């Protein structure tokens, strides 16, 4: 969905976030040298209007988590300096085009849904997180056994390696490698995908991905105490004695700078997984 922030002539605060690769540092250096003397821009990692991520999707995920509490004020734009990045609009040789587009920028943005996760521990503590791609739960040892509850109704008893819940844009990441569907981000929904479920005459699960609309809630209730591996995008945590994991579509969204260079979702999917096709 395209909307617009109010940028009537104000100086844009820009944060530049880059990974440690030589090419990324070179691009960052060029951007710094241009913006530091430009009266229309102010370089600052504090309270930025625009965050420029230089690297790939991993760097964009890191930038998202750096500013996940400021999503209502921040727009992102990505430059990829290696393999094609799903979230990035510019290649490293298109820096001048990016600078020109930012000078012409009127505050237009493309917005995508994100995931909100609430993890309840056996002592009553609740750990909350946001994910741009997906959140997964796995058991460190033995098979994971958990009830899957949708809108307070027990849907199935899961036995297997784990569960992944992804956003529409995240549907092209780990979810796709698990055999999940690719979901367009204008569909505000979550996708639940099983990780190596056990299915036999005794234990049965649906065995296919489930698309959950925004108004619905997913709950995962582990039936065994122990250590669980919780992955939120590119961050992994080990938590002991998880009693419940809840998943929602967040009220906030991630916003990307909209410009003539913004690549449509299906173009990104084609470029990432199919490449050039015969005419």
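In case you wondered, yes, glycine gets a Cβ from its N, Cα and C as well.
Copied over from Swiss-Prot:
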- 57: active site, proton acceptor (ACT_SITE)
- 57, 58, 133, 134, 159, 161, 172, 173, 174, 175, 176, 177: NAD(+) binding site (BINDING)
Between residue 133 (NAD(+) binding site) and residue 57 (active site, proton acceptor), how many Å separate their Cα atoms? 10
When you tally the Cβ atoms that lie within 10 Å of each candidate's Cβ, which of the binding-site residues (133, 172) has the highest tally? 133
Give me the count of other Cβ atoms within 10 A of the Cβ belonging to residue 159 (NAD(+) binding site). 20
Measuring Cα to Cα, tell me the gap between residue 159 (NAD(+) binding site) and residue 57 (active site, proton acceptor) in whole angstrom. 31
Record-listed NAD(+) binders 57, 58, 133, 134, 159, 161, 172, 173, 174, 175, 176, 177 have a maximum CA to CA distance, in Å, of 31
Could you state the CA-to-CA distance between the residue listed as 'active site, proton acceptor' and residue 176 (NAD(+) binding site) to the nearest Å? 16
Check each residue in the chain of residue 174 (NAD(+) binding site) that is at least six apart in sequence and keep those whose C-beta is under 8 Å from its C-beta; list them in sequence order. 133, 134, 136, 164, 166
Neighbouring CB atoms within 10 angstroms of the CB of the residue listed as 'active site, proton acceptor', all protein chains considered, total 24
